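One structure is given below, encoded as structure tokens.
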Amino acid sequence: MRFDIITVLPGLLESPFAHSILQRAQKKGIAEIIVHNLRDYATGKQKSVDDYPYGGGSGMVMTIQPFAACIDHLKSERDYDDIIFMSPDGETLNQSIANQLSIKGNIIILCGHYKGIDQRIRDIYVTRELSIGDYVLSGGELPAAVLVDAVVRLIPGVLSDETSALSDSFQNDLLDAPVYTRPADWNGHKVPDILLSGNTPAVEKWRFEQAQERTKQRRPDLLE
Ligand code: SAH
């Protein structure tokens, strides 16, 4: 799976993809994540990527030309399944959307800044708009990193068995069960006996019940 991320601040995306599971996925050749500097596609002496909003008001708006040039260039090289704009007014990202995206081939992600991007980029190019929650960040880079992380860890072969995504929260409309590791007794705070029993079916049953209980208490909406 290939992600092309278009941003005016590529430096913001260096670290998130250079560690742990995302780094491994790229090394294994399962995911390719390419960050493009929007400014490289800007024409004009100033290489400007933003301008004053029509109608007045505060904040700058990202212009069409550099995004169009970068997207057209990418599309001339391969087909894309989706061109996603990260935006607080988009559909809220969830595990089901991450699952849908994890079986796609090529995706472009656009990161906005300032007041946002010229509406016409959204009208002409964008096929899907995703928000990472009801709050406003200063740019689309962190949301893009969140999206790529959520999707890449679901691609078969990325996670090893020990970190399997199948029992994670939301994967089956349940939150995950609590987890414990050594020592079995920490100053009198003990690990539940069942987890030390070696009885796998009983442990599975306990985990399922715990997941149900936790979901009932914290996220009853998931059980509806
Ligand atoms: N004026 C816009 C917010 C602009 S914030 C509005 O009120 O809707 C600048 C950029 O940050 C956005 O274009 C978007 O790319 C990104 N961004 C901010 N919050 C986000 C969120 N919750 N989810 C996804 N992207 C977000």
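Using the three backbone atoms N, Cα and C, a Cβ is placed for every residue, glycine included.
Please treat TrEMBL annotations as automatic predictions, because they have not gone through curation.
According to TrEMBL, the protein carries these features:
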DOMAIN    1-224  domain 'tRNA methyltransferase TRMD/TRM10-type'
BINDING   Gly112, Ile132, Gly133, Asp134, Tyr135, Val136, Leu137  S-adenosyl-L-methionine binding site
Cβ contacts of Gly133 (S-adenosyl-L-methionine binding site) (under 8 Å, same chain, 6 or more positions away): Thr92, Leu93
Set of same-chain residues at least 6 away whose C-beta sits under 8 angstroms from Tyr135 (S-adenosyl-L-methionine binding site): Pro88
Local confidence of the domain 'tRNA methyltransferase TRMD/TRM10-type' (1-224) - pLDDT mean: 96
Those binding-site residues in Gly112, Ile132, Asp134 whose CB falls under 6 A of ligand 1, listed in sequence order: Gly112, Ile132
Among Gly112, Val136, the most crowded of the binding-site residues [Cβ within 10 Å]: Gly112
Distance in Å spanning the most remote Cα pair of Gly112, Ile132, Gly133, Asp134, Tyr135, Val136, Leu137, given for S-adenosyl-L-methionine: 16
DSSP state at Val136 (S-adenosyl-L-methionine binding site), helix/strand/coil: coil
Around the Cβ of Ile132 (S-adenosyl-L-methionine binding site), the count of other Cβ atoms that are within 10 Å: 20
Secondary structure at Gly112 (S-adenosyl-L-methionine binding site), reduced by DSSP to three states: coil
Spatial neighbours, same chain, of Leu137 (S-adenosyl-L-methionine binding site) - Cβ under 8 Å, 6+ residues apart: Pro88, Pro143
